Amino acid sequence: MATVASSAAVAVPSFTGLKASGSIKPTTAKIIPTTTAVPRLSVKASLKNVGAAVVATAAAGLLAGNAMAVEVLLGGGDGSLAFLPGDFSVASGEEIVFKNNAGFPHNVVFDEDEIPSGVDAAKISMSEEDLLNAPGETYKVTLTEKGTYKFYCSPHQGAGMVGKVTVN
């Protein structure tokens, strides 16, 4: 245990009317050891908590992964008239974002004869007159009925700008 002794003189101005009387006694300070509360977990409990955190993180990643959209480019960087990718799969309820990649006017029309029965092509397609004219413009659709859907760009269908999506 350590002790500290100190002494100091205090000078008090005379105009206050106060006077220091006598001498200052040395004081001692004692250092008292203290303990800090440390949570104690067994190694087994710690590993259990880490395992639960890993499972929760993985589950969140899977759920977030299902909410992600698939991006399909309308037109290639080289000027080609194509959907990129042209043949792909999505989960039922997954959003598909068709994005104009070039300055050409494009649209997305689902072929009413090449989609699952009971699906209304007009509800999932752009109008044939409606176009994405500028780079970066998008059209979004979510398909819920499982099956194969064929689609095309009406201004460039004759040039082979067609695609297919399989909904699982």
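Each residue, glycine too, has its Cβ placed from N, Cα and C.
Residues or ranges marked as domain 'Plastocyanin-like' by Swiss-Prot: 70-168. Taken from Swiss-Prot, the feature Cu cation binding site applies to His106, Cys153, His156, Met161.
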Notebook entry, point to check: What other residues of this chain sit with their CB within 8 A of the center of the CB atoms of His106, Cys153, His156, Met161, the recorded Cu cation site?
Noted result: Leu74, Gly75, Leu81, Ala82, Phe83, Phe104, Asn107, Tyr152, Ser154, Pro155, Gln157, Ala159
Next item on the list: Using all protein chains shown, find which of the binding-site residues His106, His156 scores highest when you count other CB atoms within 10 A of its CB.
Entry: His106
Item checked: Overall pLDDT of the domain 'Plastocyanin-like' (70-168), taken as the mean -> 96
Checklist line | Long-range Cβ environment of Met161 (Cu cation binding site), under 8 Å and at least 6 residues apart | finding: Leu74, Leu81, Ala82, Phe83, His106, Tyr152, Cys153
Margin query: Through the lens of DSSP with three states only, how would you label His156 (Cu cation binding site)?
Written below: helix
Next item on the list: Specify the count of other C-beta atoms within 10 Å of the C-beta of Cys153 (Cu cation binding site).
Entry: 28
